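One structure is given here, and the rest of the page talks about it.
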Amino acid sequence: MSYSCRGAEPVRESRGCGTCSDRDSDSDRDSLGTDAPRRERGAMRVKKGCNSTDAGEWVCTEEELLKKPVISPEDVLGLQKITENYLCGPEENVHSIDFTRFKIRDMETGTVLFEITKPPVTDSGVEKKDLDPNAGRFVRYQFTPAFLRLRQVGATVEFTVGEIPINNFRMIERHYFRGQLLKSFDFEFGFCIPSSKNTCEHIYEFPALSEELMHEMILHPYETQSDSFYFVDNKLVMHNKADYSYSGGP
Amino acid sequence: MGKPGRVSSLAGDGGLFIPGCSLDSEACSAYQAGVVCLCGAGLLPGTMSEHIHLSLALCRIGFYTCLRALCCKAPPPPRPEFDVVCIGLTGTGKTHLLARLCSESTEGIVPTTGFNIKAVAFPNAILNVKELGGTDSIKKYWSRYYQGSQGVVFVVNSACSQAELETSRAELYSALQHPQLCTLPFLILANQQDRPDARSAHQIKKYFELETLARGKSWILEACTTENMETVKLIFGQFISLLEEKEQEPSRI
């Protein structure tokens, strides 16, 4: 299964454009979230992003979490680096959550920088068990250096839900460069209607990156990585990964 | 104090922060060092006040941010945010309106079968909108999304059938009386005014009997069409004022 993918460069940079390539043929989306501060009220809120300099933040390792029967949101908030393994298998997605579209746009100009959609599933007669079980859990992004100069992007994710209603759907996404946590996002969607298709756009404020760090990130493609964890009723049901190049080339 | 036309401010420690720099004062290393930040703004040492220390730490900023400095564009102060739910029957134009407010393409819009969450930026506020599909199968779940809302946008198709208008009225009343919405400001949009058979805002207001049934509540009813987005933005500006007023009310426990 292949994606249609369209990229556009930020208005102020003349080189190259944001493109993506799927390492696997059937990739799911990976999203950037927002840490825009919101009041603590009700469902569908963004919790402020944390960083590793917060005092009192607890830490844990992937090995510790893999021993647990159920992984909770609080558990993954203790991870300090990208995981080596997926923390859950694809079979744990019992609610049939499927990510169907992902789009990034520059909030200052409105330019769509990147868009990827998943074509509707057709009955191809291929047995699901014959496909690579981890297909669709990883996406590789290729951006130009100008991407790191953006201040605010809107990241839209579209997803469908199966027939079982979801009481509380939550996403935690953590971005790292080498061993350093750059940003953590925590977004609660709350209730999801059965058999629905939903979209959500987060405004993503770029973390303040020093010139040196940006330089390093550009020089070392794919060493910027992210883990996206999805929870239904505080239980981990999906785990996707992505890596990023900002050097403008493959 | 810098070139004419450029706003600059003296920091208490003697550093001069030029708001044209795309970095805010905390991120600008020159400012932190208490020195003049040129930020590629082309200011010459000769124009600096003799009181200002002239060791220069040049911020390495790309061409784009130099352009911003020359245009005297300071980073804006953060805008207040309000959480708003957007409801109305299917086909009334909710998704279309929000896409246009966000300067997004309306190509390929289909009836919403769940929620669309969007942050819509206005000059003086950001509305975090939860737009919900209005088909029969989706609208029975509307109330699952009311908690945490600070305002309601209710959209009506001004050119709909009489039966549909009646259904719209019933849904509006339901929302006006719902415990989680009944104290909130409502923006009711008589949308699709571009249609030749569109009823006027006055007619719809009369049919909805809002003067009596929404008495004591905070609401606005206005006609609009996506053919005229300037008017739509003005209407939302009025709604934001209602949201701000509501926010300033002392909260009762």
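Glycine is no exception: its Cβ is also placed from the backbone N, Cα and C atoms.
TrEMBL labels come from automatic prediction, so no person has curated them.
A sphere of 10 angstroms centred on the C-beta of B:Gln192 (GTP binding site) encloses 25 other C-beta atoms. Positions annotated as GTP binding site by TrEMBL: B:Gly88, B:Leu89, B:Thr90, B:Gly91, B:Thr92, B:Gly93, B:Lys94, B:Thr95, B:Gly134, B:Asn191, B:Gln192, B:Gln193, B:Asp194.
Within the same chain, the residues at least 6 positions away from B:Thr95 (Mg(2+) binding site) whose Cβ sits under 8 Å from its Cβ are B:Ile109, B:Thr112, B:Asn116, B:Glu131, listed in sequence order. In three-state terms derived from DSSP, B:Thr95 (Mg(2+) binding site) belongs to a helical segment. Per TrEMBL, the feature Mg(2+) binding site maps to B:Thr95, B:Thr112.
Each of the binding-site residues B:Thr90, B:Thr92 was scored by the number of other CB atoms within 10 Å of its CB, and the largest score is that of B:Thr92. Highest local Cβ density among the binding-site residues B:Gly88, B:Asp194 belongs to B:Gly88, counted as other Cβ atoms within 10 Å over all protein chains shown. When other Cβ atoms within 10 Å of the Cβ of B:Thr112 (Mg(2+) binding site) are tallied across all protein chains shown, the result is 20. Residues B:Gly88, B:Leu89, B:Thr90, B:Gly91, B:Thr92, B:Gly93, B:Lys94, B:Thr95, B:Gly134, B:Asn191, B:Gln192, B:Gln193, B:Asp194 are the ones the record ties to GTP, and the longest Cα gap between any two of them is 21 Å.
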